[in-house]
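See structure below.
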Amino acid sequence: MLTSGNSSSQPMSFILLGIPGLENSQFWIAFPFCAMYVIAIVGNITVLHIIRTDHTLHEPMYLFLAMLAITDLVLSSSTQPKMLAIFWFHAHKIEYHACLIQVFFIHAFSSVESGVLMTMALDRYVAICFPLRHSSVLTPSVVGTLGAVVMMRGLLWVSPFCFMVSRMPFCPNHVIPQSYCEHMAVLKLVCADTRINRAYGLFVAFSVVGFDMIVISISYMMIMKTVLGLPSGEARLKAFGTCASHICVILAFYIPALFTFLTHRFGHHVPRVVHIMLANLYLLVPPMLNPIIYGVRTKQIRDRVIQGCCGKDS
């Protein structure tokens with residue numbers, strides 16, 4: 001079962017249990033998970049298609065929305081196919097390197113999603129606080145640069161996770177009591193001192209999510225100050241309306257993400273089944289909700305969807 005190399009023993013594979021405690025119900029639980037995954041895939045591809053084909057939507061807000069859709073496609077697809085295979089076909093085994101790749105994609109693109117939400121907050125800040133300078137400040141090249149920086153931050157910050165874990169010896173127990181490979185879950189199988197790994201994990205979490213949440217909070221405080229200074233109630237309501245979709249998406253992403261992060265490290269009294277179910281939903285619900293939220297609340301996207309469903313003659 002083990003192959004040795006460079007003073008570290010690497011398992012050939014791990015066993016993903018799925019949802020311990022709900023083994024008899026996993027077959028049925030997979031159906032709503034599959035439905036949410038299909039909605040996430042169809043919804044985000046639809047948003048990407050609309051933004052790509054409608055040149056009037058090649059503006060910062062929609063370009064950032066396209067980045068969010070791509071991130072959601074990668075994030076949901078990095079876990080859901082394997083998760084459904086576990087629930088329906090009892091395919092519990094995952095190869096060692098496939099597990100590390102899954103760890104990388106989950107954490108890297110969670111970081112990217114957080115960064116995209118942060119850039120969307122900056123876009124709303126410039127659009128509301130400096131409306132006349134919005135197009136000159138957030139040019140397509142600036143939007144592309146922000147997207148590239150967010151992507152590189154996610155890739156560079158998370159890569160050491162996999163590198164450090166790959167050089168450590170593992171215990172004989174190769175069972176992961178979850179539905180997918182996650183950094184802390186894999187780290188618990190290591191037979192060595194993991195304090196450096198855990199410290200680096202905390203550093204990444206606080207440097208990425210902490211920084212993004214600070215920027216988002218400052219952006220919305222400035223937005224609030226500007227909006228409350230508007231002369232009419234109608235203008236204030238319209239300004240708040242442009243931010244409503246983004247606020248909903250932020251809450252849908254950060255609340256389960258923070259709960260999952262904190263329970264992994266400090267929530268020893270949280271029932272395992274609750275933790276695992278929320279960890280599964282954290283990687284699925286935001287990718288499903290984001291295109292729905294923006295599709296319902298964004299007139300341009302909503303009109304294009306209705307036009308596509310009803311035909312151009314309607």
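Even glycines carry a Cβ here, placed using N, Cα and C.
Taken straight from TrEMBL:
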type: TRANSMEM; residues: 27-50; note: transmembrane segment
type: DOMAIN; residues: 43-294; note: domain 'G-protein coupled receptors family 1 profile'
type: TRANSMEM; residues: 62-80; note: transmembrane segment
type: TRANSMEM; residues: 100-125; note: transmembrane segment
type: TRANSMEM; residues: 137-158; note: transmembrane segment
type: TRANSMEM; residues: 199-223; note: transmembrane segment
type: TRANSMEM; residues: 243-262; note: transmembrane segment
type: TRANSMEM; residues: 274-296; note: transmembrane segment
(request) Six or more residues out from either end of the transmembrane segment (100-125), which same-chain residues have a Cβ under 8 Å from its Cβ atoms? (result) 60-61, 64-65, 67-68, 71-72, 74-75, 78-79, 82, 94, 138, 146-147, 149-151, 153-155, 157-159, 161-162, 165-166, 180-183, 186, 204, 208-209, 211-212, 215-216, 219-220, 222-223, 242-243, 246, 249-250, 253-254, 257, 283, 286
(request) Looking only at the domain 'G-protein coupled receptors family 1 profile' (43-294), report the model's average pLDDT. (result) 92
(message) With CB pairs under 8 Å as the measure, which of the listed stretches 62-80, 137-158, 274-296 comes out on top against the transmembrane segment (243-262)?
(response) 274-296
(message) Using a threshold of three or more Cβ pairs below 8 Å, and leaving out pairs closer than 6 in sequence, do the transmembrane segment (274-296) and the transmembrane segment (199-223) count as in contact?
(response) no
(request) State the residues, same chain only, that lie 6 or more residues beyond the ends of the transmembrane segment (27-50) and have a CB under 8 A from a CB inside it; answer 'none' if no residue qualifies. (result) 19, 57, 65-66, 69-70, 72-73, 76-77, 80, 83-84, 87-88, 280, 284-285, 287-288, 290-292, 294-295, 301, 304-305
(request) Using a Cβ-Cβ cut-off of under 8 Å, list the residues of the same chain that are 6+ residues beyond the ends of the transmembrane segment (62-80) and lie near it. (result) 33-34, 37, 40-41, 44-45, 47-48, 51-52, 102, 105-106, 109-110, 112-113, 116-117, 119-120, 123, 140, 143, 147, 150, 179-180, 249, 280, 283-284, 286-288, 290-291, 294, 300
